[in-house]
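Participant: First the structure, which I've put down as structure tokens, then a few questions once you've had a look.
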Amino acid sequence: MGRMLILPFHLLLLLGLSLASPIDHRYNIGDDVPLFVNKIGPFNNPSETYQYYDLPFCQPGELLPEKESLGEVLNGDRLTNTLYQLKFGVDKDGFVLCHTKLNQNDVSKFRAAIIKDYYYQMYFDDLPFWGFVGKIEDELWTLDGKGPKYFLFKHVQFDVLYNGNQVIEIHAFSDPSHVVDITENIDQGVSFTYSVRWNETSTLFKDRIARYSRASARPVNYQIHWFSIINSIFISVLLMAFLAVSMMQRLKNDLRKWSNGDEEEDKEVGWKYLHGDVFRCPSNMPLLCAIIGAGTQLLTLFCCLFILASLGVLYPYNRGTLLTSLVIIYTLTSAVAGYSSASFYSQFVETGWERSVTLSAVIFLGPFLFMQFFLNSVAVSFGATLAIPFGTILVIILVYTLIAIPLLALGGLIGYRHRSEFHAPSATKKCAREIPSLAWYRKTPSQMFLAGLLPFSAIAVELHQFYATLWGYKISTLPGILLFMFIILILLTVVLSIGLTYIQLTVEDHEWWWRSIFRGGSTAIFMFAYSIFFYCKSNMSGALQTTAYFVYNTCICYAFFLMLGTISLRASLMFTRHIYHAVKSE
């Protein structure tokens, strides 16, 4: 078994090593500093990106794509060499990049890019920077009043900051006085030029990434974060106070009535009559255990990502690190899914745990891969960098087949071998008790609405900042704040799950297993609804961007549904076992 796992884990090691940055980022005067062009795309559509040389920019004699990690490929990065040469500490002024002849087709491409407000992205010493392709002048600003006119920037000003022998910061500016009018669809010659200015700074090398998070540190964003935190704490305190004062007091009264044995008072205690039904094996047991397995795996995945972020491994614009980490952690945590699913299933049923383990492998990954296949087909039709190459798809299949599936089976086997029998506080009756007719506000849809609305209202402000970061170009939130909101979300899910389960039992409704999952996961429905609102208020447009936006948001919300549903179920189970154990003790 050890020899069989050597090759797969070497493959994961190679995926991780590809994240290593070149040497120590130290240069002498006159040394070439690595500069790569990456991609271009409409400013308002962050997922719609194309290769840099899809536009007729000046090209080197031989295009040499940079070797990329799995995460970089999944992120749509396509780093390539360029004619720009920036030597450490060497200024340049009006240096000619190339002289080129733009034909009508080239002019048409540039004009279409300017109309869509195209930007380009480059990497200089692993630091990303951006610039725009051109500009539009409306007819109000043109001298002849025949606008609009379209101008192509032909000069780029690179401003580089350094400290000692290390690069700290870079900016690219387009000179509005050095433009080419491409309004008319005619052939014309263009000379592309660039300048370089080096200036010293006191910023340390270890702090050079901090500037990409400055948007989150602005006074307005600080106020938003503080408002979000105070709002979340306020809602959490109110709910916990309600649970502690109201529900716990009523629960104590119920236990007192039960222990006194007063028949008149005893009739008021409805949930105690369910002791023979409340721990009955739930319906669709393999599917329920699969949700528990997948939800536990996703919870572990999120916790690992927060740990990596706190250790400084994940930071803004660290090329592909986040997606590579997602693939590696999801693969390795397959054992968690197998163990959680099989161990829970085996508490109720002795045979058939293999089915629950199999379902736990596909309940999230199946819909995810289907949507990704659809998105990839759309991206291929557009020729976008979002399209995953066939070789990368083979690598992912190889990783999942050689590592994830064996770990899933191993975890399931361990969960089955080390299973513990489910010890219910009371014996289960042979015939299920009939559930009385329920009012509309006690049924599943109403409880889902309440259980989803309150946690969502606590995270709504920060969720907006998260979407602004995910679908924008500025970091509007930080990992520490996201971790705090994640804890608040879990806490509120647990509190509401316990409270609503108790309310359900008081009306003698013992089918709480599946309802607890739907109650916990309902927050994800509100999150998806808000994503629709966010899209309508944004400037995103086009078939590719719309498809990418809703595919990714659907996957994220579905993952939260499984994760929060699992948390809700486990909280309800702990609460139910506790109160019926207390009844048995009395």
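In case you wondered, yes, glycine gets a Cβ from its N, Cα and C as well.
Here's the feature list from TrEMBL:
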type: SIGNAL; residues: 1-20; note: signal peptide
type: TRANSMEM; residues: 224-247; note: transmembrane segment
type: TRANSMEM; residues: 287-315; note: transmembrane segment
type: TRANSMEM; residues: 321-345; note: transmembrane segment
type: TRANSMEM; residues: 357-375; note: transmembrane segment
type: TRANSMEM; residues: 387-410; note: transmembrane segment
type: TRANSMEM; residues: 448-468; note: transmembrane segment
type: TRANSMEM; residues: 480-505; note: transmembrane segment
type: TRANSMEM; residues: 517-535; note: transmembrane segment
type: TRANSMEM; residues: 547-569; note: transmembrane segment
Participant: Could you tell me whether the transmembrane segment (357-375) and the transmembrane segment (287-315) have 3+ CB pairs under 8 A, leaving out pairs under 6 positions apart?
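Facilitator: Counting Cβ pairs under 8 Å (6 or more apart in sequence), the transmembrane segment (287-315) reaches the transmembrane segment (357-375), since there are 3 or more.
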Participant: Can you work out whether the transmembrane segment (448-468) touches the transmembrane segment (480-505), with the criterion being 3+ CB pairs under 8 Å where the paired residues are 6 or more apart along the chain?
Facilitator: yes
Participant: Hey, would you say the transmembrane segment (387-410) packs against the transmembrane segment (321-345), going by three or more CB pairs under 8 A that are 6+ residues apart?
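Facilitator: They do touch: at least three Cβ pairs between the two stretches lie under 8 Å.
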Participant: May I ask for the residues of the chain that lie six or more residues beyond the transmembrane segment (517-535) and have a Cβ under 8 Å from a Cβ within it?
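Facilitator: Same-chain contacts beyond the flanks: 288, 291, 444, 447-449, 451-453, 455-456, 460, 463-464, 467, 471, 489, 493, 496-497, 500, 546, 549-550, 553-554, 556-558, 560-562, 564-569, 571.
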